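Participant: Please find one structure pasted underneath; my questions will follow.
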Amino acid sequence: MALHVPKAPGFAQMLKEGAKHYSGLEEAVYRNIQACKELAQTTRTAYGPNGMNKMVINHLEKLFVTNDAATILRELEVQHPAAKMLVMASHMQEQEVGDGTNFVLVFAGVLLELAEDLLRMGLSVSEVIEGYEKACKKALEILPDLVCCSAKNLRDVDEVASLLHTSVMSKQYGNESFLSKLIAQACVSILPDSGHFNVDNIRVCKIVGAGVSASSVLHGMVFNKETEGDVTSVKDAKXAVYSCPFDGMITETKGTVLIKNAEELMNFSKGEENLMDLQVKAIADSGANVVVTGGKVADMALHYANKYNLMIVRLNSKWDLRRLCKTVGATALPRLTPPTLEEMGHCNSVYLSEVGDTQVVVFKHEKEDGAISTILIRGSTDNLMDDIERAVDDGVNTFKVLTRDKRLVPGGGATEIELAKQITSYGETCPGLDQYAIKKFAEAFEAIPRALAENSGVKANEVISKLYAVHQEGNKNVGFDIEAEAAAVKDMLEAGILDTYLGKYWGIKLATNAAVTVLRVDQIIMAKPAGGPKPPSGKKDWDEDQND
């Protein structure tokens, strides 16, 4: 009989074998804070226009070279439960605002770092949390007073371009003026009268070659495809969209045919050909001159399409089909039947074009009232174009935020220093122990201009002392001058470096919530992971006989 070793009395006795648990300040709270600090430190160096890029190779061996925090976090696949909370907060910021994910991470990381100092000084966790929550509430009350201007006309391309400048600049420093103009043109052209802007209506098509300056905007859609038949250009296009293959019907049963003489052999496929001819003719007679199909195109069907001058475009992606239907106002048909006038889509022209050495099909709307706009990105490498796409994505999201709330606050660390100054004053008026936490919360705001300065290679302490000096004189809009050689400051409103009010509001709120949630954890209980050992990686034939 096997010797039974009793479990040690206490909490472990209740749990299954292999489960782990950590409790108390040292084991749980400080460990969690350490993990969050490490994560925030990783993305902190990527903050701002002069932020460094990260090279991430994910589990599928895809290479990412970017300074976009949302992409870095998505591909890192963070496992630590406390660090995951910070990742979730930044994902919430991504969904809510579409920009400012790095702000959430950096700010939450510094809040936790300063909370650790307070806990080691002897404050209790509840006092730190209470102080942080009071300070956060106060910060969100002060924020509306820091608004320096509002967007006046969201249908003016030049004004919109100047407002998108900052969000694009942090991803593509040097190309921001050109890209923000492109994004503004695309967004303004499809802004509906209701003002409800949909981010998905701005599409991106990436084609290798030339440079960023060769990028352009098209009203309509661009597909990285070639046409199937002989017709490559149609003006005043009427499009029929099919989600099925462009082919004759095939029976589900076996089609075995017994042929007795030569005449039967000659007439065998005539019926099929006539049927195909009638089907394609019916589509052409309905007025359609462009056919878009989601499946394969049969040779015989293609022959008759050429005969009746139909342009054939094949799209493999059902998402592309849906977006095209939205662009041209068509209904996707499940069978090869002639479309009615209501089911047909319409656009000014459909043509095959050559961009660089790549063939693309363009569905173009001449009027600027199309449902979808496409930004055609050019660049020397795929990684560069991916990064430009992320900058475009941030710009489009910023435009969406402006359609919801037109208020803007000064960027470049100006808002943060003003908040730090006012919350420190508020902390002085609080009598309890939570005043220490309130002052630390104010100190945490310094991390943003500090990160901007450090990433620009400037002495951070010098920048922060200069900013405080200017803000004490009442200049709320003065922030760090990122383009100066030394530690210099300038008016952000005059320089046009502005952040959205909603981006800051949600950033502060989500970062504080994430930090407080991590601090509230005093015990970690982990079950033993299910499943056996993972197969060894690298050897693709590890389960085959090695002696062959």
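Each Cβ is built from the backbone N, Cα and C atoms, and glycine gets one as well.
Just so it is clear, the model here is predicted, and its values are computed rather than measured.
The following feature annotations were taken from Swiss-Prot:
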| type | residues | note |
| --- | --- | --- |
| BINDING | Tyr47, Gly48, Gly100, Thr101, Asn102, Phe103, Met169, Ser170, Lys171, Gly412, Asp499 | ADP binding site |
| BINDING | Asp99 | Mg(2+) binding site |
| BINDING | Gly100, Thr101, Asn102, Ser170, Lys171, Gly412, Asp499, Lys504 | ATP binding site |
| MOD_RES | Ala2 | N-acetylalanine |
| MOD_RES | Tyr505 | phosphotyrosine |
| REGION | 529-548 | region 'Disordered' |
Participant: Looking only at Cβ atoms, how many others are within 10 Å of the one on Tyr505 (phosphotyrosine)?
Facilitator: 20
Participant: For the residue listed as 'Mg(2+) binding site', what residues in its own chain, 6 or more apart in sequence, show a Cβ-Cβ distance under 8 Å?
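Facilitator: When sequence neighbours closer than 6 are ignored, the residue listed as 'Mg(2+) binding site' has Ser167, Asp394, Asn397, Thr398, Val401, Thr500, Gly503 within Cβ distance under 8 Å.
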Participant: When you put Ser170 (ATP binding site) at the centre and draw a 10 Å sphere around its Cα, which of the recorded positions Asn102, Asp499, Tyr505 have their Cα inside it?
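Facilitator: Final answer: none.
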Participant: Just the number: how many Å between the Cα atoms of Asn102 (ADP binding site) and Gly412 (ATP binding site)?
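Facilitator: That comes out at 14 Å between the alpha carbons.
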Participant: In Å, rounded, how far does the Cα of Tyr47 (ADP binding site) sit from the Cα of Thr101 (ATP binding site)?
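Facilitator: A Cα-Cα distance of 10 Å.
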Participant: Greatest CA-CA distance (Å) over the residues Gly100, Thr101, Asn102, Ser170, Lys171, Gly412, Asp499, Lys504 that the record ties to ATP?
Facilitator: 18
Participant: Radius 10 Å, atoms counted are CB only; among the binding-site residues Gly100, Gly412, which position scores highest?
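Facilitator: Counting Cβ neighbours within 10 Å, the top one is Gly100.
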Participant: Consider the recorded positions Gly412, Lys504, Tyr505 and say which one has the Cα lying nearest the Cα of Gly100 (ADP binding site).
Facilitator: Lys504
Participant: Check each residue in the chain of Met169 (ADP binding site) that is at least six apart in sequence and keep those whose C-beta is under 8 Å from its C-beta; list them in sequence order.
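Facilitator: Met169 (ADP binding site) has long-range Cβ partners Pro49, Glu176, Ile497.
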Participant: Specify the secondary structure state of Thr101 (ATP binding site) as given by DSSP, simplified to three classes.
Facilitator: helix
Participant: Measuring Cα to Cα, how many Å separate Tyr505 (phosphotyrosine) from Asp499 (ADP binding site)?
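Facilitator: Between the alpha carbons of Tyr505 (phosphotyrosine) and Asp499 (ADP binding site) there are 11 Å.
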Participant: For Asp499 (ADP binding site) and Thr101 (ATP binding site), what Cα-Cα distance in Å is obtained after rounding to a whole number?
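Facilitator: With distance taken Cα to Cα, Thr101 (ATP binding site) is 13 Å from Asp499 (ADP binding site).
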Participant: Within the chain of Thr101 (ATP binding site), which residues six or more apart in sequence place their C-beta under 8 angstroms from its C-beta?
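Facilitator: In sequence order, Asp68, Ala69, Ala70, Leu73, Ser90, His91, Gln93, Glu94 meet the Cβ cut-off.
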Participant: Residues with Cβ closer than 8 Å to the Cβ of Lys171 (ADP binding site), same chain and 6+ apart in sequence?
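Facilitator: Once residues fewer than 6 apart are set aside, Lys171 (ADP binding site) is near Asn67, Asp68, Asp387, Arg390, Ala391, Asp394.
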Participant: According to DSSP, which of helix, strand or coil covers Asp499 (ADP binding site)?
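Facilitator: SS state of Asp499 (ADP binding site) = strand.
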